[in-house]
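**Q** Could you have a look at this structure, given as structure tokens, before my questions?
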Amino acid sequence: ATAWPLFSYCSKVWIPDNEEVWQSAEITKNYKAGDLFLHVQLEDGTELNYPVDPAALPPLRNPDILVGENDLTALSYLHEPAVLHNLKVRFVESKLIYTYSGIILVAINPYKQLPIYGDAIIHAYSGQNMGDMDPHIFAVAEEAYKQMARNNKNQSIIVSGESGAGKTVSARYTMRYFATVSKSTSNAHVEDKVLASNPITEAVGNAKTTRNDNSSRFGKYTEISFDQSYRIIGANMRTYLLEKSRVVFQSENERNYHIFYQLCASAMQPEFQHLKLGSAEKFNYTRMGGNTVIEGVDDRANMVETQKTFALLGLKEDFQMDIFKTLAAILHLGNVEITAVGDERSSISLEDSHLNIFCELLDLNFDKMTQWLCHRKIITTSETVIKPMTKPQAVNARDALAKKIYSHLFDFIVERINQALQFTGKQHTFIGVLDIYGFETFDVNSFEQFCINYANEKLQLQFNLHVFKLEQEEYMKEDIPWTLIDFYDNQPVIDLIEAKMGILELLDEECLLPHGTDENWLQKLYNNFVNKNALFEKPRMSNTSFIIQHFADKVEYKCEGFLEKNRDTVYEVLMEILKESKFRSSLSLLMETLNATTPHYVRCIKPNDEKQPFEFDSKRVAQQLRACGVLETIRISAQSYPSRWTYIEFFSRYSILMTQQELSLNDKKQICKIVLQRLIQDPNQYQFGRTKIFFRAGQVAYLEKLRSDKLRHACIMIQKNVRGWLQRKKFLRIKQAAVTIQQYFRGQQAITARALKQTWAAIIIQKYCRGYLVRKLCQLIHVAAVTIQAFTRGFLARKKYRKVQPIKNSYFSSWKQLLLYKKDGDKGSDPYYFTFCMSGSHIFYSFSTHFLKTQSPLSLLSAGKEKHPFIVLFRVLEKKIQNQKQDYEKEIELLKGEIKVLKEEKSQLQQQIQQEIIIQDGLKIEVGQLTKQAQPRGVVVNTIPGLPAHILFMCVRYADYLNDADMLKSFINVTIDGIKQVVKENSENFEMLSFWLSNTYYFLNCLKQYSGEEEFMKSNTPRQNKNCLKHFDLSEYRQILSDLAIRIYHQFIVVMENNIQPMIVPGMLEYESLQGISGLKPTGFRKRSSSIDDTDTYTMTSILQQLSYFYSTMCQNGLDSELLKQAVKQLFFLIGAVTLNSLFLRKDMCSCRKGMQIRCNISYLEEWLKDKNLQSSNAKETLEPLAQAAWLLQVKKITDDDAKEICEHCTSLSTVQVMNHLFYSGTDCRILPI
């Protein structure tokens, strides 16, 4: 038998379960074709042999990467258990209430207030694409608003679901979103009035039911109008299917409409005492349910809120009081006692206080009311007959009157609200918000459920056609052949109800008959449809009911009351009931309106009947998913190509399955095609589009299995090598230990007496041998040293001798000549003798040094040797030296005089130069700067930084020099106006704004420094103080310039933020620069805007380049360093805040891999700051919350110690933010088991 690869060992399947609808099981043995049982193990460990039909095997479970996916259409296996499981994981584990299902937003009521609807969240979703953010009601509203603005086409948002599912809240939030993002420019505050209409309609149209404390008991279509600037200018409201029967009857534990209880709770207030009301328990119409109070609801406070909203809409107190009178009259009418008079008649006491109050409040005739409540008029062709009514008939007439009054009052209130929301301008486009009952089925279903389900059939048909239209457009856009897909067409059901001789026409016909009854009408239905129309059935055990097979489920309707309730809309007699055609015509008008708009769908789901927060009842949810069309959408998607990946996503995810040869190609699209053709042999299982690859159901799961197997094998290979390395390392340690042990063991065995003697003898031999060698070496060194010393000493002696020999020879030669000359007589006065002596002075000096060491001149004099040649020579030289000394002293005196004169002249010249420098200082600076810039560059940012500011200030100084106040005033005004004009004309030009911000700031600082600003003048030098203005105080202009600089700075920051903001999320969050950590998932119908094509995708490099451009431009313009640092700090704060907010709003980004990537990107930003020497700007600190969030994604979150570490580390994050990050799916960091 052939094995089925998808139903192999360890694969997971879903099998039916009575409690949870479906439960997961793991296959424990490969399934082979023809096997009658599937061997599985349940999650609780139970082994089970599950009987299977080979033609219909159990549905397979999706791979872990798709668990908790935010779009159900991104699931590889599309079926009911996959949808239920995905919704449960998101709702129960991740506390996420919104999930996409193609074009539908599935909203599960959490029964708990969540902090996800504030203005900050609204602004976070504003301007974003649906696929770029987590699913949210605001994302749907933004998509509708964006499509309206982009395509100039009207939009509609259809919110449906059963009672208690949260329809009203969802519709309210969509309107609040539009009111926030499209503020009107007028003083009328139209958007506030639109929002104010909600509390009023909820008060008069909502009630407590067993399923919901604030259930809408009517359908509402609110049309919000926009002008050409897409700002709200007005609104209009249409209502459908008001549940009038609730006015006179409520089931157990239910209430009447809220407004009645608000009025009763305020009965003791002075303005309401004339209504003569009391506690709600005193009136029949408010006490039928047995409980008049809702836990946690203050009806008195709600009444005050209702009155405020009436006033906000411009409905004055007189109008409000008329409404309250009518409501009070209805309550009193319900307490009117009708007494039976025999079997055919009835009467009302003339002293009935409640009827008296009823007539008094409505200004009616008491006698006539008494008569016509107990009688009816029958008009025939020949006469008019007044016929008395029995007590039951009279009670029905009373209740019919109460229902009619309330219905008219409701319509009147809606009409007045519409008048208050009217607008004078022309409507350009609109967005409609439809809040209507979903498909309903109860134990007993009557005319109201029939109408609701009929309306839902029409809406479902419109939904089906729209889904197919979008599918066809998607296929055509991707150039994929369109094939017709089989789907459930509910047009036959609609024909059964509304076609000629259908259910409604037969009902109208029976109502026209004088003696028509419910039973007769039902019999006609049996005759016309039983066994003739497959969608109509007769119950086996009942003759008073009929069954219709709706698109969602079979519903059994009891015919009792159909005629009576339908007559409310056919006859215009005593009760002035509207014709039935009004409902069908208004429903037809609604469908025409919806078909002319682009619809957006919100399906609200009730998770449990006990209203427990975040409790998931799989049975109830599955029932609603079938009823609201979500599963039908999934089934349609599963028949075509449900999984859709862009080529970039596929390449990033499955590059691990590609060979080196395939990866060597440059075209990623071609690589994907080659790889896919190799991996999936059947070409019918996928289609290549222009930007995306379309997969049949299950193919992505198959690719995930291949990827998982590849990773498993890689993990095994790594483990094998690591374990081998560890074992080899362990073996080498053991081997070394064994060798060491063997060494010591063998050594121990070898220690004997002979071995000891031999060892001692060896040591003695070594000792003497080493001594001999050392002595021999020492002798050699000694001989060498003596030889070196001998040669060195001889060399030094010869060198000394050579120095002394010339002096000795010269001395003896001169001395000899002197003695010979002396013998010829006394030649002391002979000039030649003196010359000889002088010429020999240098010889004397050299000789005297030697002579004085041996003999002192005093000793020669004392010995009477005055004629000694040395003494004679000494005296001659002494005389000559004294004469030279006198000449030198005279010369020094003359030079000192000349120096003194030169100093005085220098001082005078310095003073003159200093004065000239002070006078011409300002001009010299400007001339010097102009000289350096002799060649103009033609671009404003390349001029001298601050040059315009300095020129402007020189003009101010010139006006001050002339003392011309008019000139100064005119000049400064023209300057300020000119700067304003330039900034206005270039409000989006960053370079121009930077240029004028720098110069305006410099000009302002010049005025502060030189026109009397004490703080600035404190640090002035005396030279700078001489340049201060002398005639004018410019404090007024300084303030104006300061305001202008602030304005320019704000615009400057806005332009920078607008330029860099589109790059932040793609660059910081979506782009993955780290190799091997790709965490891309399939995007389903709501594709990410950045996943379409990578040619224009922003990266981290884009952000750094943009920051560098900002920085270089600011530096070129000479922007003040403090302003520059502040601007950089604000940019970094924006980067951190936008990234962090997007991270909180995108659970698909909350992963260990993404935390690693974010920390890497933060390091790039820090490096940029360091490179630009901007560490002192404190910009790095603004990224701290983002860094802590990234760390939190990576850290372990299991034990109490982990929680303590998180608390200590995440000081910049709030508790809510930390909790948000604790519930992400960590499958991306899990190690595959072996």
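Glycine residues also receive a Cβ, built from the backbone N, Cα and C atoms like all the rest.
Just so it is clear, the model here is predicted, and its values are computed rather than measured.
Positions annotated as ATP binding site by TrEMBL: Gly161, Glu162, Ser163, Gly164, Ala165, Gly166, Lys167, Thr168. Feature annotation from TrEMBL assigns coiled coil to 874-919. The feature domain 'Myosin motor' is assigned by TrEMBL to 67-708. Taken from TrEMBL, the feature domain 'Dilute' covers 972-1234. Summarising the annotation, TrEMBL assigns region 'Actin-binding' to 587-609.
Set these features in their place in the structure for me.
**A** Its Cβ placed at the centre, Lys167 (ATP binding site) has 28 other Cβ atoms within 10 Å.
Remote same-chain residues near the region 'Actin-binding' (587-609) are listed as 87, 91, 101, 103-111, 137, 140, 143-144, 147, 151, 153-167, 170, 174, 211, 221, 223, 238, 240, 432, 434, 438, 454-455, 458-459, 462-463, 466, 615-617, 620-621, 624-625, 628-630 (criterion: CB distance under 8 Å, separation of at least six residues from the stretch ends).
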**Q** Under the DSSP assignment, what numbers of helix, strand and coil residues are found in the region 'Actin-binding' (587-609)?
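**A** Going by DSSP assignments, the region 'Actin-binding' (587-609) contains 9 helix, 8 strand, 6 coil.
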**Q** Taking Ser163, Thr168 as the binding-site residues to compare, which has the smallest set of other Cβ atoms within 10 Å?
**A** Ser163
**Q** Write out the long-range same-chain contacts of Gly164 (ATP binding site), meaning residues 6 or more apart in sequence whose Cβ is under 8 Å from its Cβ.
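**A** In sequence order, Asn109, Thr209, Arg211, Asn212, Ser215, Lys606, Lys611 meet the Cβ cut-off.
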**Q** Would you say which of the binding-site residues Gly161, Glu162, Gly166 has the most Cβ atoms within 10 Å of its own Cβ?
**A** Gly161
**Q** Ten-angstrom check, please: count other Cβ atoms within 10 Å of the Cβ of Ala165 (ATP binding site), all chains counted.
**A** 26
**Q** Using the centroid of the Cβ atoms of Gly161, Glu162, Ser163, Gly164, Ala165, Gly166, Lys167, Thr168 as reference, list every other same-chain residue with Cβ within 8 Å of it (recorded ATP site), in sequence order.
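**A** Neighbours found: Asn109, Arg211, Asn212, Ser215, Ser216, Gly438, Cys604, Lys606.
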**Q** If you average pLDDT over the region 'Actin-binding' (587-609), what do you get?
**A** 86
